[in-house]
Structures are given as structure tokens and as C-alpha cells.
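Here is what TrEMBL records for this protein:
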type	residues	note
DOMAIN	B:20-447	domain 'DUF112'
TRANSMEM	B:20-49	transmembrane segment
TRANSMEM	B:61-82	transmembrane segment
TRANSMEM	B:109-132	transmembrane segment
TRANSMEM	B:144-162	transmembrane segment
TRANSMEM	B:168-186	transmembrane segment
TRANSMEM	B:266-288	transmembrane segment
TRANSMEM	B:337-357	transmembrane segment
TRANSMEM	B:369-390	transmembrane segment
TRANSMEM	B:402-435	transmembrane segment
TRANSMEM	B:471-493	transmembrane segment
Amino acid sequence: MNNIKRYLQSKVIIPLCVQVVLTIYVVSALQLAPPIVNRMLSESSFPFVIFLIATPAAIKLLFDGVKEVKTEISEGKEIVYVRKSIKPLLIVLIMAVFILLFELLGFSILAPLYVFFFMLVYDDRPEKIVKKISYSLLVAIVVYVMYVFAFDIRFPEIWR
Amino acid sequence: MDQILQILSGTLVVLQPLALLYLFVGFFIGIIFGALPGLTSMLAIVLLLPMTYTMPMTYALIMCMGVYMSGIYSGSITAITISIPGAPSALMTCMEGHPLMKKGQGAKAIGHATIGSAIGGSIGALLLIFVSPLALKLALKIRTPGKFSLILFALIVIVIVEKKRTKAIISMAFGIILSTVGMDPLKSVSRFTFGNPNLIEGIDLTTLIIGAFAISELFAQATVNNTEYSKMTSAANSIKFKRKDFFPPLKEMKEIGFLTYIKSAFTGYLIGVLPGAGASMAGFVSYVEAKRTSKHPERFGKGAIDGLVASETANNAMCGGALVPMLALGIPGDGTTAIILGVLMVYGVVPGPNLLVKQMAVIAPMYMALLISAGILLPLSLFLFGPYYLKIVRINRLVLYSGIALIAILGVFAATYSVFQMGVALVIGVVMYYFKKQKYPNVPFILAVILGPLCEQYLRTSLTLSSGNPMVFITNFDSLFFILLTIAFVILLPRANRRSEALEKERNRENCKC
């Protein structure tokens, strides 16, 4: 069980995911048409070629990853659990929430909050909150002026 | 004659106050993004891309040229002062510049880097102006099968120049997969939309570029410890240089030799023409050549000014070279020119021979902007702002990255007016973040996004015209030429790569001994 856990690393998982994506890609392409129809290339031909080129590369990377882990196990290397930073995950969450609420709440409400939470995540300690709030407002105003007045972009607003 | 007149009128366009303002804005954005570790001139153009939608194209291109030239140059500032290359192209500058800084000659090293960059950038821009008519004549001879073989050549070379070739193939495949989403280029069939009407028009180029380069970088920067970053950059904050310290003595420039400047500029330019090679390779090859021909190779790695100058001259000369295949053939020379190509595409301009024939008036100011950007490096950096460049790292990192985060995500909305595309950019950003962590190169991705659809279109059109006969790629002389060129590169480039890797290892060993 512990050994299986050791295989769950990016160097194994990423090529595996790539292979899955490539398979879905080629299957959905082939559902459209065979690669050659009446001696002519169809809409699935190019995706099929990409699949043929990328699959050996993905398999090689997968084998390389598995081989590396096997070597680690055979050498009896201890698993070093490095505490991974959750900051990238928090950034994804902030962005996802911003995107989901953007049309509903609009720029003026969301943008300063978005910038503020970004600053909180980027900083090591949640300190100087008042300074962060003022910077967030300032950044939101500058970006609004730049986009709306200089480049004539219309953002959604709650009152619109 | 016609071209000379158009170049002259292009000069007049760039010299208009508004155009100069855009050039200077671009120049300073490039300086800031190039000097700050983690930010690059490519990211600066990525963020500017949605803003260019409402600008006249000429001004957008002028601004991009300012960013491009100054962004490559300013990577040397932090490379010299705090030993962190602001841009990857400044790696060799770091090797020689930081030891000089430790000896108290940091300002002089920046001065040498500025002069080298200005000379290299100017020669590169001049070669671009004078060589593009020749490139145009050649480009006009290329027909559809030849265009396919040329793109194939570019894609293969991009993979070969990368150290991790298998990963480069995956990165490229991912780019092509994303670029094939939407309507088929030749038939009215939608592909890979999985029933989602939002995907019928495909994934917007801006969404792809911002997701892959800006958003993924924001995730990567979140893992950087803010206190440690402040400590690293505090060294630069404490340095105080006077203006006169930036002027290198004439004796040293004579010692470096006129030939080093010229040779490095030509090397950088030629490497720029090669698709996918980029500024880092230009700097590296020139550095190795400077070491090979130096009277004092033992000084390299300990503060050799000729090594620093060779690297800086070459990486700025590369800018002119990288624009040649982009404008004449629609094949970008590096990641930044790929995004500049994106700017052209936003305006519906298709690069290629026709662009240089029919729309030279649009392109001429861009040539001149590149030349002027290289020219103004000297007065702006040496006479005016040199001491202030060192303070760029003082910019509050939290404010900067939070601002970039807002500009990036709003940029997608500004370009597409679609919340769905904002979500797609986020997903692409997450995938590219994991790719980046596992050292999958990102230049093949962006070039695949741009060249993939063209590659498919030319392949299918060629085979349709030849009734499905693949011999069309061999029987056409232009196509055969590129196929033979591809074979030659496949054989020769890995050898050159191995040699440069061996030299790099040797250099690292020497550094360890020191």
C-alpha cells in the first residue's frame, strides 16, 4: 500500500493524465470520421497524427517516472514528506470565486476584494490589514481607470 | 526604393508625440518586468495583449517593440546586482556580472551591459530592416506544400533545441490539442466541444496565452516566501551608485574589441532567425565563443567583461532576428515574437509575404521602434535612470502581483467578453503550473498554439490539391528544401547541444573550484 502511494507523484501522474487526455482526444476525433475518407484527410486526421506523435512521448515519460520511483524503493530511500504550500490552491479558489461571481456582483464590488485576498495569500503573515485594504482599493481604481476610460472596456456591475 | 520610402515614413510615424509616448511606456514596462525576477518581457506583452484591442495597431506594435528590447536588456540589472537573472536570457550575464558587483564594479558592469545591448539591439534592428526584403523574395517562392514543410521544420527545431525533448513534445501536443477545439478549418464541423456551445468558436488566443503564461506564473509566485524575497532584494536596495560610475572606461571597451561586439551581434541575430532558439541560446553561444577566442579565458566565471558584453550584445541582437521569420513567414522566432504574432492576429493581420508587400506601412514603424528602443537604451540608462533601475526591486511585491492577477483575469474578459473563457484560462493556468513544476518547456506550447492550426490547414490543403498523393511534399522544390533542412537540423543540432552542455558542465565545475 505504501509503495502504491509512492507512485502517486507528479512525474508519474502527469504523463498518465496526458495519456488519458490523448486517448479521449483521439476517440472523440475518430467518432467524427475516420482519418482518411475517399483518399482525403478528414477532420480527425490531424488529431490522429498528434495522438500518434505524443503517445510514445507520454509513455516514455510514464516509464521514466515509474523507473525513478522503483529505483527509489529499491535503494530504500525514505519518503521525505515536504509540506506542500496550499497557497497555489488558495489562489485557484480566489480566482474561481471571482469568475463565478463576476457577472453577478460586477467589477466594483469584487475587484478590491479579489486584490485584497490575493495580497493576504501572497504575504507570509496576515498583517498590516489597513494598508492592504488601501492598496486593494488603489489597485482596483487604477485598473478600472485604465480599462474603462483608456481602453473603453465595459465590465459588469451590480447596478447595471 | 519603395521600401526605403516606407521605412522613412515609418520613422516619421514613430517620431510623432503619441507614438513616442507609447514607445516610452512600453520601454519602461519592459524595464520593470525584465528586471524583476519571475516577471519577463513576454509576460508584459501577454498582459498588454487585451489592452491593444482598442489601440491603433501601429501604436500597439510600437509599444511591444519597446517592451521587447528593454525587457531583454533589463534582465541584466538584477543578474548583476543580486545574482538573480531578471530574465532567463541574462543567465550568462549573471555569471560574469555578479563577481564584478562583489568587486565593487557593479555600476560599470551595468554600463558595459547597456552599451553591449544598445549595439546588439541596433545591429539586430538594422539587419532586420535590410534583410527582410531578401526574406520576402524567398517567402514569395514558397507554395502550400512548402509552407507545411516549413512549419514542420519550425515545430521540429523547437523540440530539438529544448533540453527535455520528450517533455517538449508533450507541451507542444497540449498546445495543438487546445488549438484544435472549435470549428474545423476546412469543413463546417465542430470538434472537441463535447456539446458545449461556448466552445464552438474555439478557445480564444488571449485566453490560451494569459492562462498559460500569466495565471500559471501567479500560482508559481504564490510559493515564493515574501520575507526571503525581501531579504534577497534588500542587497540591491542598499547599493548606491553615482551616475558617473555607469560609464565604463574607453580602455576597457578597446580591450573587449570591436570584433566581439560585431561577432556577438551577428551570432545573436542568426540564432534569433532560428525558430524557437531564443535569447538564452543567443547569449550562451556568444558567451562560449567569446571565451574560446579570449586572450584571458581564465578570467571567465570570475568577472570577465568580454563574456558579459558578448552575452548582452547577442541577446538583444536576437530581437531583430526573431522578427524575420515571424513577419516573412508567420513563424515566430521565440516566445515573445509568438505573442507579438498574436497581437497581429487580433487585428486580423496574417503575417507572410503579403504583409510585407501590401501592409509595409503598418510594419515599417515597428522596425523603427525596435531600432529607436535600442538607441534610447544608452541615454536613458546611462545618463538618466541607471541609478533608479537598482530601486525597481523595491516595488512592493504584494501590490505588484495582486495587480497582475487582476489585470490578467480582466484581460481575458476584455478580449472575449466571456466569463466562460475566464474559467478556461484558469483551468489552462492550473495545468501549465503543474507542467512548469515538472519542467515541461512552455515555448513549444505557445508556438504550437499559433502554428498548429496553420500546419493542419496546409497539410490538408496540399493533400487535397494533390488528390491525396503525399509525394507532393517531395516533388515541390521549396518543400523538399525544408524537408532536407529539417533532416540536417535533426542530425546537427543534438551534436551542437551536447557540445554546449559539455562546456556548461565544465564551466560549472570551474565555478565550484573557485
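Any Cβ shown, glycine's included, is placed from N, Cα and C.
Of the candidate ranges B:61-82, B:168-186, B:337-357, B:471-493, B:168-186 contributes the most Cβ pairs within a distance under 8 Å of the transmembrane segment (B:402-435).
Within its own chain, the transmembrane segment (B:168-186) is flanked in space by residues 155, 158-159, 162, 192-193, 199-203, 208, 428, 431, 435, 440-442, 444-450, 452-453, 455-457, 460-461, 464, which lie at least six positions past its ends and keep a Cβ under 8 Å from the stretch. Annotation: stretch B:61-82 has the most Cβ pairs under 8 Å to the transmembrane segment (B:337-357), among B:61-82, B:369-390, B:471-493.
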